[in-house]
Amino acid sequence: MPPKKGGDGIKPPPIIGRFGTSLKIGIVGLPNVGKSTFFNVLTNSQASAENFPFCTIDPNESRVPVPDERFDFLCQYHKPASKIPAFLNVVDIAGLVKGAHNGQGLGNAFLSHISACDGIFHLTRAFEDDDITHVEGSVDPIRDIEIIHEELQLKDEEMIGPILDKLEKVAVRGGDKKLKPEYDIMCKVKSWVIDQKKPVRFYHDWNDKEIEVLNKHLFLTSKPMVYLVNLSEKDYIRKKNKWLIKIKEWVDKYDPGALVIPFSGALELKLQELSAEERQKYLEANMTQSALPKIIKAGFAALQLEYFFTAGPDEVRAWTIRKGTKAPQAAGKIHTDFEKGFIMAEVMKYEDFKDEGSENAVKAAGKYRQQGRNYIVEDGDIIFFKFNTPQQPKKK
């Protein structure tokens, strides 16, 4: 079957943020809400987790493998010499405090660390513990969430003024017509962020030109958020906490579409200290499970990332791409020659491969597709690329 011609792909929505696939998600919250403990269990590292504010000053960064039953199945099937999963880059950022945008606490340094990330795990505390002090004096996750939102919002407002002043000087008073469109776009951003007090990401109709300007400045409120609610072990196991419904209602109202994921740092820490057999027995006895796989997958998806597989006896590998990536660019993740000489992508859906039992069976069932350069790669595709090898220049 020849590869499909143009028009076999749907134009994806524009994505706000840095281009590329080596994106980072930062753990953000007030001091002493459990950020470093969460980072430790997530990355299996031992970043300092002491009970005092600003314990983490330089952000700790780690790569976390993305759990995926599809990847595990392909490894079991092929028994490859090399196994390379997808990874999520996670950064533990020191606690923000009220007034951070004005330099309170270690404010501006922390905000710059957030700016260097592409998404946010917004971690809030919903457990009581007299041994762990709260910087605001009491446990109130709604108040804490609002403090973080306000600090990010105020920092963006602070950024917009100088950008507009510079553009006005050059584009309006200086008559530089090339910069006039950017000035007009920044006026729209100012209206949305400063006048209407709304985060950049809440406006869903930014056009391509506006996205280009937003990507130039990387405003803090443009970054996607996943809300993580740190519960006591008891509350997490019984699936009850007085704050959870209130947090979900707040997020649905003020950050619609964002995920809220409850977890227990204390439970995750305990599970990590048990052997695999003891861990399984404990989870079964308490009819619960770790929240970490769900959190990792949610962070990966929030960054608009996905992956396709190459699979065989030599290697099973997950190749990370941005959502909406076309086949030639996906091929280029493996090697630039694959993109330059792209002919076609031979694609199997993971579900078809698992159901049919082999590549030959997928072909026999008519489910093995040859796709052209307009094909938009889908998450979990198993792909074999065909390409022309670039010719070497002839020696004279």
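Using N, Cα and C of the backbone, Cβ positions are placed for all residues, glycine too.
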Of the residue ranges 115-122, 147-154, 267-274, 307-314, the one that Swiss-Prot records as motif 'Nuclear export signal': 267-274
Annotated companion of Asn32, Val33, Gly34, Lys35, Ser36, Thr37 at the ATP site, Swiss-Prot, chosen from Leu231, Leu244, Leu259: Leu231
Confidence summary (mean pLDDT) of the motif 'Nuclear export signal' (267-274): 94
Which listed residue (Lys35, Lys294) has most other Cβ within 10 Å, given these are recorded positions: Lys35
C-beta crowding around Val33 (ATP binding site), within 10 angstroms: 27
Which of Asn32, Ser36, Thr37, all binding-site residues, has a Cβ with the fewest other Cβ atoms inside 10 Å: Thr37
